[in-house]
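Student: Quick paste of what TrEMBL says about this protein:
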{"type": "TRANSMEM", "residues": "C:6-24", "note": "transmembrane segment"}
{"type": "TRANSMEM", "residues": "C:36-56", "note": "transmembrane segment"}
{"type": "DOMAIN", "residues": "C:68-115", "note": "domain 'NADH-Ubiquinone oxidoreductase (complex I) chain 5 N-terminal'"}
{"type": "TRANSMEM", "residues": "C:76-100", "note": "transmembrane segment"}
{"type": "DOMAIN", "residues": "C:132-408", "note": "domain 'NADH:quinone oxidoreductase/Mrp antiporter transmembrane'"}
{"type": "TRANSMEM", "residues": "C:136-157", "note": "transmembrane segment"}
{"type": "TRANSMEM", "residues": "C:169-188", "note": "transmembrane segment"}
{"type": "TRANSMEM", "residues": "C:208-224", "note": "transmembrane segment"}
{"type": "TRANSMEM", "residues": "C:275-296", "note": "transmembrane segment"}
{"type": "TRANSMEM", "residues": "C:327-352", "note": "transmembrane segment"}
{"type": "TRANSMEM", "residues": "C:373-394", "note": "transmembrane segment"}
{"type": "TRANSMEM", "residues": "C:420-443", "note": "transmembrane segment"}
{"type": "TRANSMEM", "residues": "C:464-484", "note": "transmembrane segment"}
{"type": "TRANSMEM", "residues": "C:496-518", "note": "transmembrane segment"}
Amino acid sequence: MHLVYPAVLSALLFCTGLYGVLARRNAILVLMSVELMLNAVNLNLVAFDVWLSRAARDTLHSGQALTLFTIAVAAAEIGIGLAIVLAVYRNRGTSDIDKLRDTAEGPDDAEPGAVAAQKTEATA
Amino acid sequence: MSPAPILAAAPHGFLSPTGVEIAFLLVGLVTFGAALITVTTRQLVHAALWLVVALGGLAVEYLLLTAEFIAWVQVLIYVGSVVVLLLFGLMLTRAPIGRSPDADSGNRWAALAVAVAAAVALVWVVADAFRTTWIDLTGPAAGTTHVTGASLFRYWVLPFEALSVLLLAALVGAIVLSRKARAGEDAGTGADDRDEAAGATPAPVPAQKDGAR
Amino acid sequence: MTTTTLAVLVPLLPFLGAAAGLLLGRTAPGFVRPLAVLPPLAALASAALVAVRQGGGPAVNAHTELTPTGSVPVDLALHIDGFAALVAILVAFVATCVQIYSTGYLRDDPRYPSYAALVSLFTSAMLLVVYSGDLIVLLVGWEVMGICSYFLVGHYWETPEARAASLKAFLVTKLGDVPFLIGLFALATDAGSFRITRVLGTVANGGLHHPTLVALLLLAGVAGKSAQFPLHTWLPDAMAGPTPVSALIHAATMVAAGVYFVARLLPVFEASGAAMLVLAVMAAVTMTGSGLAALAQDDIKRVLAYSTIGQLGYMTGALAVGDRGAAVFHLLSHGAFKALLFLAAGVVIHAAGTNSLAAMSRMRGLRERVPDAYWTMTVALLALAAIPPFSGFFSKESVLGAAEHAAHGTTAHVPGAAGWFVLVAGLVTAVLTAAYATRLWLLAFHGQGAEAPDHGRQPLTMTVVLWVLAVPSLAFGGLAYRALPGWFDGTSLTPTLLTSILGTGLAVVGALLTYGVWQRTTRSLVSTPLGAVAAHPEGDAGLVEAEAIASHTPAYGDIAYAPDPADPGRALLGPLHRHAAVGFHLDAVYTALFVRPVLAAASLVRFLDREVVDTYVGAAGALPRLLGAAVRRAQTGNVQTYVSALLAGIVVLAVAVVLVATGA
């Protein structure tokens, strides 16, 4: 099999995930897009591992091992990520990313008091 | 995309695909399509379901690449637990059922531009670099459970054990994140029903993850 | 202990006292008074011991090089000849008296610790100047005195007069110090060393290339420090400081430094006839002008200030005729009686509650209130007027005798004209001195009218010091004039018959004239009520004085002048009185010459800064502000936007790298 097929598929999947991360509003959908990106990388790792185990007589199978590690890390990531999203949702009443703008620059020399007021408003 | 079949001196041309290649291509199209729908659909729950399709398609691709152990792990962890978790998350954050008009943020056109540019650049580079590379799938499978287990426990034992520490940290982290909300609730500052509903949820997360490993 | 060690201790002890006083002033107020009085006392003892050991013999020289300082070495050097030994005794003696007096005078002053420390530092700096054998080390003491006088004159900084006076004292003396510094460098360049012995050796060998230039540059600094015309204007205004400070500045430290410096380097000045002539003219103008001005002053301390300027004129006159023995003799006797005059004036001001002679002349019984001040001041005024046998007579006659010698052309290096200038001006000043001394005595102690207010008994520390100082005022001249030539250059200081008769006669004439006029004018006293009195029966003398100075301008319209028709000075001076009262308009001339141009230049600079430079600065600030506003708009807080920009940048970079790598 040509290596180009999995490689191109992986690139396309990665960019799809990229689009999702940048364009989605809901934080959980963003997490899904991140999963897509991780999987695209996994596909790449597996494909290259299969190729190299034949072409270069590589017995380490580092690609597959790394894939397993990535999967484990992704599982941890999704757990923590969801916990964070839920905590944010509990505190703010929303999980929309573009509404979490506490780091925004104020209209003109916004004093810290105003930001604090805004924060308490969001909390309430 | 590439005039490789004409120029390449490789023994395998693109115009005479093998069966595996055809299968890979078809499943790849399905996977890619499912991924596209995942990131564009306005129904949030559907996005999670389409993600199942995309991840399942990837599992099939792993099988086609003879990496069967990875494929089953993919099915178990991603399709079995991660997507379930995501669905739980959607429900706990009261994601609207049905079409929501504002699933995409105002950033989508910039995102599209960046994504397309990245895709063009990546595909161009990858195709240019590997247009003649051939994966030989004949012979013993490269990713059977035996082979993978042998390499994992022979060469990768130490990172593998370190990974368990990472998972333990994630477990502790998830518990801490969920306990904090309870502490705030006990202090009596913001005791609303939302907290009540969400309070106990992260508990199954580490359990499932641990099991997955 | 060797003489050198003792001599080092003399300036060092007051310095350590000052440092300790500044450090302990707040934490341990009980130590302040001992720390103020004991170091000068110890310095006095050491200085006396040094003088006994030196004994008028050959100069004691010692030096050590602290660190290499380039082409012209700077040494820590001592050069103690008879002049230095005796002047150091005077400085330490007056400083001790002033410190003792201050404990009573400023007994309730909250700033007394810093005041006492600064007086000690001042004393230490003067002693350094006196003993130093190196011109740069001398300059250090010289400048430390300048800054100390600034702080001490401005002691009552709450009053605008004191603030203005301290600034003026500092600026005017600095105006002289700049050419002084250049002169020192020029001198050292010619001599190849800053050591006084080397400089004098070079001068003796004729190695000085530009004697006139160097001498004139040095003269500028001397005129500033010693308050000689035309840089004397700071001294009368410096009366805004506390009286003990005036006594210290006038008797022993600051103004004496200039005269002492010239005395030390007299061969340098003698190398240039023109410089000696300039010195003589300066002395003559200073003497007569200050005498006339003193006759018109209303503030008792300003009278004394102008008299100091005049007496310093005598000293520079003696230097101008090449007799430094006479100059230092007069410096010593003047130090004693002028310190006494100031300290007694402080007592009088405290008792009368005013510093105005016009107000004192309308008070009866002031002399019964302060008998100590009355008698000691009488002695000091007689010494000032040079009536035999008081000490001022001998020292002044030695000056006039030296001038007479020079006028005959018998003194080497000195132009005859210089002698004539000094002689004539000295005789005229003798009349004027006697006149204003008499006027001060009559107005202050023989007033008529209401009873003087009761400010209680004067502190013992203040009155005892007066009697201590009265002894040298009375007897020093008569006892010392035979012994002193052995300490000095050896020229005789014995009064000559002609000048003695002339000087004393003129002084008596001046005194009698004033007395006659006073008898006539005093009848109109009662018809013109005048005066303002600060009454603080419980307050210390410093408080009374500060209020008296502050209230002089509102009460009389001027700090130096009172519209008193009963003033004998007015009748004596006639049309000159108005000009003399304001110091012959020299301040106005300075205002026109220096102050206004400086102010105009400052306003020009302000305009340039505000309108021209600030425009550029403002524009330089406005551009980043605009850019910042644009950047701030990008800071939406939306993380997705940030990540989009980040990834777009990565894509661009990656494409660029690929293009470069493939050589496209």
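Just so you know, glycine gets a Cβ as well, placed from its N, Cα and C.
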Student: Please work out which recorded stretch in C:136-157, C:169-188, C:208-224, C:327-352, C:496-518 has the most C-beta pairs separated by under 8 angstroms from the transmembrane segment (C:275-296)?
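Tutor: The stretch with the most close Cβ contacts to the transmembrane segment (C:275-296) is C:208-224.
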Student: Within the same chain, where does the transmembrane segment (C:169-188) have neighbours whose Cβ lies under 8 angstroms from its own Cβ atoms, ignoring anything closer than 6 residues to its ends? I mean 6 or more beyond.
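Tutor: Distant contacts of the transmembrane segment (C:169-188): 72, 135-136, 139, 142-143, 146-147, 149-150, 153, 194, 199, 208, 210, 213-218, 220-225, 231, 233-235, 237-238, 268.
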Student: What stretch in C:136-157, C:208-224, C:420-443, C:464-484 has the biggest tally of Cβ pairs under 8 Å against the transmembrane segment (C:496-518)?
Tutor: C:420-443
Student: Please indicate, using numbers and ranges, the residues of the same chain that are 6 or more beyond the transmembrane segment (C:464-484) and have a C-beta under 8 Å from a C-beta there.
Tutor: 86, 97, 100-101, 325, 329, 332-333, 336-337, 339-340, 343-344, 347, 372-373, 375-376, 379-380, 383, 389-395, 398, 493-495
Student: Where else in the chain does the transmembrane segment (C:420-443) make close Cβ contacts, counting only residues six or more beyond its ends and a cut-off under 8 Å?
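Tutor: Same-chain residues near the transmembrane segment (C:420-443) but 6 or more away: 277, 280-281, 283-285, 287-288, 291-292, 294-295, 300, 303-304, 306-307, 310, 313-314, 317-318, 320-321, 357-358, 360-361, 377-378, 381-382, 384-387, 396, 399-400, 403-404, 406-407, 502-503, 506-511, 513-515, 518, 567-569, 572.
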Student: Using DSSP, what's the helix, strand and coil tally for the domain 'NADH-Ubiquinone oxidoreductase (complex I) chain 5 N-terminal' (C:68-115)?
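Tutor: For that range the per-state counts are 28 helix, 5 strand, 15 coil.
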